[in-house]
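TrEMBL has this to say about the protein:
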COMPBIAS  31-49  compositional bias 'Low complexity'
COMPBIAS  181-206  compositional bias 'Low complexity'
COMPBIAS  210-241  compositional bias 'Polar residues'
COMPBIAS  250-273  compositional bias 'Low complexity'
COMPBIAS  319-329  compositional bias 'Polar residues'
DOMAIN    479-515  domain 'Zinc finger Sec23/Sec24-type'
DOMAIN    553-792  domain 'Sec23/Sec24 trunk'
DOMAIN    800-882  domain 'Sec23/Sec24 beta-sandwich'
DOMAIN    893-994  domain 'Sec23/Sec24 helical'
DOMAIN    1024-1086  domain 'Gelsolin-like'
REGION    31-58  region 'Disordered'
REGION    178-279  region 'Disordered'
REGION    319-342  region 'Disordered'
Amino acid sequence: MNQSPLLSSHSQTAIGQGFTQQAGQQIQPLNSQNQQNPQGIQQNQPAIQKVQHPQQQRVAGFTQPQNPLIQSQLHIGSVGPGPANANVNPTILQQNQLQNQNQQPGLRESFFCPSKQHHFFHIDSILVCNSLAETEFAARPNNGNSTPHQNIIQNTTYRAGSNSPVPSLIPAIDAPASQASSFPPVTSPSFSLQSQQSNMSNSQSLPYIRQSNSLPRQQTTGVSPLNSQNVQSISASSTAGRRTYPQQPPRQFQNHQNHQNQQFKQQENNVQPGSQIQQPRIGQLPQQDFMQPAAIPQFKSVPRTPQFGSIQQQPVLFGTQQPSFGTPLQQQEQQQQQLGFNPPPPEFLQHPQPQQSVVQQSFGVSQLQNGMQNMNLASGNVVPQTQQTQAAVNLFQRVPQVSELETLTPPLKMSPQLSISQSPHAVCSPVYKRCTLNSIPQAQAVLNKTKIPFGLIVTPYRSLLPGEEAVPIVNSPQIIRCRRCRTYINPWVQFVEQGTRWKCNMCFLTNEVPAFFDWDSESRQQVDRMKRFELTHSVVEYIAPQEYIVHPPQPVVLLFIIDVSLAAVQSGMVDTISKGILKYLDKVPNSDGRTKVAFITVDNTLQFWNLSVRSSLLEPQMLVISDIEDAFLPLPEDLLVTLTESRLVVEKLLANLPNLSKATQNNQNCLGRALQVGLKLIGSIGGKIVIFQGSLANLSEGSLRLREDPKILGTPKEVTLLQPASPFYKAFAVECSRVQITIDLFAFNSQYLDLATLSGLTKVTGGSLYYYPYFNPANPQDIHKFETELQNFLSRPLALEAVLRIRASRGIRMTRFHGNFFLRSTDLLALPTVNPDYSYGIEMEIQDNLHIATVCFQTALLHTTSNGECRIRVLTLTVPVTDSLTDIYKGADQYAIAALLAKKGVEKCLLSNVEAARDELVSRLCDIIGSYKANFSNSGQNSMLMLPENLKLLPLLIMSVLKHVSFRTSGITPSDVRTNAQSLMCVYSCEAFMPNIQPRFWALHSMDVAAGSFDDQTSQPIFPPRLNLSSEKLERHGLYLLDNGVDIFLWVGRFISPELCSLIFGVPTYENIIPGKFGLPRVDNNWNKRVWNLIDYIERVRVLTMTMCPVFYVVKEDGDAGLRMAFLVNLVEDKLDSGNSYPLFLAHVLEKLNKPSGGLF
């Protein structure tokens, strides 16, 4: 019996094959009353029968039949005959309470569908189909004949317009490439069941129910009736990697004080008052509520008229119709009333009211207004507040709404009306600085009770996106600062004594206001101080006066160290970088004409290049040092030259360098010795050392060896490959940081480079790491990626010899920092060069109780610009203080929490191992959920996963982090790839972090005429609705775009329209599309231009926010298995690789909460 190569052996369940009738086994029918109109079920909605085998036992938390005949045919965890697997649940039927259980059921009929090769069993009121792993039963009233029913259970999904099967899309992870290359059909959009009832006139035309054409088919003559005593419903686990949402664990109804909630829950569960309800166990999957995809709102309200394939219609959830895109709330309520279902939602499912200003959130925070009106923040004590009812979300009953990931807006923030100038810019934008808590507790004990990490994510020198306002420049004769704590004046200070003095909002010391603050020296007129940038903007940049300059400004200095060994030359690296630097030489900052450059080429010797025009040289002169153990600087004054003076000589060197190194046969590289000599060359000035490395540094100082062993990948011993093999490079980086030298590394991975060791150069000095695995100079995509990143690297603004200091209000202390820097003191970070797109994570603790109304965090970045101007960028964030747990949870920022925990996880991974880091991430998530349940859960919510509305996506984000390359437990991830991913994770801002763990996913074949065009107001392209990252969204005729921050994938369905092929790819059919790492052709039509608008915008934003250009891949449904897996691994809500699907992840989290001592992974 053949097994489908596309279905994972551990993720499929086959049910209903070859059941035989035995004595003593019974099935309970529906009584006549329930057939007419069972309580709690809408008219025309069938009742759902519950069945159970009499002989069952609980295995690993699940229920499994013990009858040997059933066990031999009920294949759990495999397709076709095979042993049972206790880790996966069998699916039988959802539970329904019956009022009459006295009838004796029996087998009425069994028939076979010859046209579809499927078997149906008529057992009184139950119609059973034994067609696939994810079997569902259709209930129908028994009228005494074999005519099929007109009533089918509501959650059944059919293929639109046909009775074709609905298969899985997920190939087996461990399947051979030959098997994984064949792809099954993909389901078409689901639609209303009423439209299909007319097709069910005979048993042969009964629609299929989520069936797989890869299952074995055998005719069955009988079925064993099931006992109805002690009825309990059983649900199936995740199948074929698809996400299916589990129901909450069994619980009993208590006497609720709220009669409306009790009435609704009785109607929802279809039980009588006072009766008990038995629900599926944890890990079991419901048949209706949690398998439905969520409705995705649009980015912009525009008419949607799909041209190629319809958008998948969203099924009904909880018996109500899903609102259409942009449907007003009143219209949604009218739609619900038309369906006859408009019950009051239970308390734990209510959405929180629209967020108001911080003054209206709580009584403790509202005192902030009175305190600021009285101009006495120091004496304002926060009044204790009684605990409020917190609107919560049951995670088991919510499909993740990925459209909410677009804005990344913190849940709460200070109202700008509370600032001294009441300017809308007084509140710090979260793209510059965001706190994990937007309502800070008064004491560390309260913070420990919430289990929420307390920290900051700071991106002080970020690149501006199109349409964003530049940071205002303040040029005043004096920078106003507090005399005691050295805080810069900001919009949250207060003026006292008739405006002659100002009170610091950190230490509350009063300081004098200088006379120039209200006087314009140029116009010699009085000015309004409330219009000064210092008081209207939370992010400003000062031009530092002379007292801040201790030495002449540092010029831009670039020392290029290029690997010219045999491996680097053969890979095409030398030729590519020579042409790239020559092409973008004009992009190097050189507005003042002081920029200096130097070149050193390295193999088993050191090759210096004399580029000075003082020697009257028309060609560059090579100076070779063969004795690298006694290396020195020949002609030190002629090696580092001014770019403006020696431009022609530099251009000749770059043009001839590939030919000069073409004949090399040397496989050795002495990078360590070249770095030491380079330090001597520019150590007195400072600057940047840019390394282009294409082979392993295996000679002289800091030599490395090939230590990667594929056998230990994915094991606890893998941590040895992620830790530095030599202390030389980190010690050298510390020495460079002291003399204001930054090291940037461009790694071309034609072979193992040991990035775990070399990355220490960039981490300590604040440099950048660019990684090009399997670089191919013949591929235009590789060339485009390198040239785009090199252009951005050479042309972006530089912040030289910088120091970063973070101040906080009294009582708060910084405990740990994450990012690329050198820590000089407890709150001072040394940054020889500030990377514009890197962020810094700061962990904090409350050292003393906070008896103040607000807490202030101020970041100051002192730096020198590339044109020699000394500046200070100041970022001020103010957060209210409260003693209410409700306000603390409402103010938690799930995006900042996930980003900070990911940075902590990387540190844990390097100190211990990957498995320990994964356990730590899950434990922190469980702590937050457990703490919230302990403080806010009701008696009926003890077995649920409850979180506030603003934290409902936190479990999804943590699960996505676990599936990231940094923490994935796959045994096929090279150590260099994981090291690069972890290095980026440490420096990601929230804006760069989110698409990297939660890729953005769109359907292009169904986008309307507005999608892809530019918005008139923002001048940005309009994207289609964002889809959940699940294979349920894939259709065989579909065209999908996916952006994970590093790569861009274009998935092409097997049955894509030929017209769409011609419009997008310029080819007539699907077979003519070229898959792989090739760019999308530009075709002169509107469809192709709109798709290119989306791709170009994604690329432009990624280069600005992440300093990297994504690689574009075209993936065909039946194309290369490795390429398909590279795409499918981004569908993080499915069960892929070593990670669970999202519903199973929630079930495991709940299991760990109930059993704290038990392991999860």
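Cβ atoms here come from the backbone N, Cα and C positions, even for glycine.
Take the domain 'Sec23/Sec24 beta-sandwich' (800-882) and the stretches 553-792, 893-994, 1024-1086: counting Cβ pairs under 8 Å, 553-792 has the most. The helix, strand and coil residue counts that DSSP assigns across the domain 'Sec23/Sec24 helical' (893-994) are 74 helix, 3 strand, 25 coil. Across the domain 'Sec23/Sec24 beta-sandwich' (800-882), DSSP helix (H, G, I), strand (E, B) and coil residues number 0 helix, 57 strand, 26 coil. Regional average pLDDT for the domain 'Sec23/Sec24 helical' (893-994) in the model is 92. Residue counts for the domain 'Gelsolin-like' (1024-1086) under DSSP (helix as H, G, I; strand as E, B; rest coil) come to 15 helix, 13 strand, 35 coil. Taking H, G and I as helix, E and B as strand and the rest as coil, DSSP gives the domain 'Zinc finger Sec23/Sec24-type' (479-515) the counts 1 helix, 11 strand, 25 coil.
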